[in-house]
């Protein structure tokens with residue numbers, strides 16, 4: 001993170017009045033604050049798990065909802081309970097929200113009884129009760145631009161909209177996910193962009209996160225009602241429930257291809273929380289069963305794949321756009337392999353460009369190389385990431401980080417390695433190791449045919465390596481995989497089964513509409529990935545931006561800790577024990593370095609920077625890498641093993657050693673080593 005000089009900035013704030021706001025934003029959350037973050041207080045009052053937290057706009061009130069069906073409004077700065085009321089729900093409360101511009105008087109709750117209730121806190125009464133959902137209500141969302149309107153997401157697959165100005169006791173369906181994904185889809189979370197209140201993000205079953213334009217949907221519905229044939233349409237027209245352009249999907253590029261493997265191991269992917277950055281340009285997703293992902297909504301990118309020179313001309317045309325640099329903006333996320341299709345540049349006769357690193361970055365690179373040599377893969381990745389942030393045009397750093405990703409083998413590491421290899425080759429077409437690692441990554445990501453073509457291309461570009469033991473070993477692996485794939489397809493054909501389904505969360509082909517397939521194929525890839533936590537046990541686990549400039553990312557975890565990462569480097573910087581079992585909720589204060597957390601324990605915990613004289617060791621997880629490795633193993637354990645781990649049992653093979661402990665990936669690489677340069 002950038003160094004801070006508070007004395008200098010205090011003087012500037014006194015001299016320049018306009019600097020007051022920037023001062024507040026800059027010092028909202030800083031690296032020294034993060035290092036001193038510790039437990040300030042525990043708020044006691046609930047008798048069950050605390051499933052949701054919500055700050056008011058000023059930050060002087062904190063609302064909580066619990067399994068005990070009560071909501072409590074706290075004065076968090078003085079650690080006082082101001083109000084406690086039974087909400088009228090008959091099951092666990094999963095979401096609580098203050099209605100904007102209502103003087104902190106109106107509170108909305110959603111619960112497992114499928115109900116949404118609206119409460120007047122001044123008289124401690126429930127003034128509206130909505131029972132339109134047919135399954136558990138998981139999230140409520142509000143928008144400052146529409147102070148009388150709010151939305152709910154429930155496990156019946158519906159996103160409903162409520163208008164408190166209307167006398168009706170019913171809501172209207174804004175989005176029906178079952179129209180697109182079939183009757184088994186469940187909506188889990190939603191949020192409204194703080195800078196564009198017409199933009200609604202929805203997380204549901206499967207790896208895809210959906211963005212909708214509320215205004216376009218309303219205009220579409222209005223035009224349908226006014227059309228001469230309106231009488232033959234229902235509110236959600238089954239032929240075209242949403243207008244073209246009203247939805248955009250986002251997905252981590254490797255997940256659609258991984259779905260069959262995850263499904264076979266009963267590993268469920270579901271977005272448990274979505275939130276926008278304060279400036280509305282980024283979307284953060286806590287993907288249940290996987291990692292935390294950040295999507296850039298301004299500079300969108302397609303998932304990365306591979307194109308061979310012989311299949312591409314000097315100028316490619318895809319989707320009407322010309323591409324001459326080898327990177328295309330195709331529309332695919334794993335179904336068709338031509339998105340961000342990277343065409344390897346010709347390398348015959350080229351001279352490898354040497355980019356000198358400044359001395360301090362050279363030292364960081366050497367430290368990373370030493371960590372790699374000691375098999376400290378995560379430490380090496382973090383050091384390379386620090387260097388990459390300062391020297392984003394150095395091919396060697398990307399190539400070295402790719403090698404560390406390939407060795408570590410956590411979920412998503414091979415795809416990040418693929419991205420780094422492609423970046424290294426774009427910066428240095430003669431990067432031999434990056435070319436070879438690219439073929440290995442494609443193979444590990446199940447792009448077997450593409451891996452074979454990439455390996456053949458590597459042999460043509462670097463003939464001196466064509467008969468190395470590394471090439472021979474990878475070639476044998478690819479050939480065996482191709483034969484296995486061919487046999488599997490023949491058996492499926494003989495049995496009347498269809499081909500592999502890469503973009504479906506279920507095996508029922510007819511449950512996915514054609515419109516849904518198109519949206520999935522056009523989905524955008526992530527910018528950053530954050531690893532270390534575990535999100536498999538609960539489906540309400542949150543991840544949030546921390547800081548006015550979204551400098552940090554925080555997430556709860558199944559191991560009872562919460563994790564803090566630097567946003568730009570994705571490096572893990574702090575792990576704190578926040579619950580005896582599971583941390584689900586993390587809600588940062590709107591203007592202070594102040595964090596509220598909750599989970600299975602019936603308390604709300606408040607965290608802020610502690611005095612330097614205070615001992616913080618009690619809740620600090622010192623071995624962050626060990627905790628991260630244990631969580632990766634937990635995520636990959638079968639459901640029975642995960643249940644036993646949650647009950648406190650120790651399981652041989654899961655309690656020690658690294659995630660994916662086998663390390664034969666590069667054991668036979670011969671002359672083409674995976675060690676860093």
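Here the Cβ of each residue, glycine as well, is placed from N, Cα and C on the backbone.
Copied over from Swiss-Prot:
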type	residues	note
MOD_RES	352	phosphoserine
MOD_RES	511	phosphoserine
REGION	489-509	region 'Disordered'
REGION	655-677	region 'Disordered'
REPEAT	45-84	repeat 'WD 1'
REPEAT	88-129	repeat 'WD 2'
REPEAT	132-172	repeat 'WD 3'
REPEAT	182-222	repeat 'WD 4'
REPEAT	265-305	repeat 'WD 5'
REPEAT	361-394	repeat 'TPR 1'
REPEAT	396-431	repeat 'TPR 2'
REPEAT	535-575	repeat 'WD 6'
REPEAT	578-617	repeat 'WD 7'
Other CB atoms, at most 10 A from the CB of residue 511 (phosphoserine): 17
Residues of the repeat 'WD 6' (535-575) by DSSP state, where helix covers H, G and I: 0 helix, 19 strand, 22 coil
The repeat 'WD 5' (265-305) in contact with the repeat 'TPR 2' (396-431), cutoff 8 A, at least 3 CB pairs, sep 6+: yes
Tertiary contacts of the repeat 'WD 2' (88-129) (same chain, 6+ residues out, Cβ under 8 Å): 48-49, 51-54, 56-58, 61, 63-67, 69-71, 73, 135-144, 146-148, 150, 152, 154, 156, 160, 162, 164, 169, 171, 540
Other parts of the chain folded back onto the repeat 'TPR 1' (361-394), taken as Cβ under 8 Å at six or more residues beyond its ends: 355, 400-401, 403-405, 407-408, 427, 568-572, 625, 628-629, 658, 675-676
Beyond the flanks of the repeat 'WD 4' (182-222) by 6 or more, those residues with Cβ under 8 Å of it: 135, 138-139, 141-146, 151-159, 174-175, 235, 242-243, 245-252, 255-256, 259, 269-276, 278-281, 283, 285, 287-288, 290, 295, 297, 505-506, 508, 511-512, 519-520, 523, 539-540
Composition by DSSP (helix, strand, coil) of residues within the repeat 'TPR 1' (361-394): 27 helix, 0 strand, 7 coil
Within the repeat 'WD 1' (45-84), residues counted as helix, strand or coil by DSSP: 0 helix, 22 strand, 18 coil
In three-state DSSP terms, the structure that residue 511 (phosphoserine) belongs to: helix
DSSP residue counts for the repeat 'WD 3' (132-172), split into helix, strand and coil: 0 helix, 23 strand, 18 coil
Summary of DSSP states over the repeat 'TPR 2' (396-431), given as helix, strand and coil counts: 28 helix, 0 strand, 8 coil
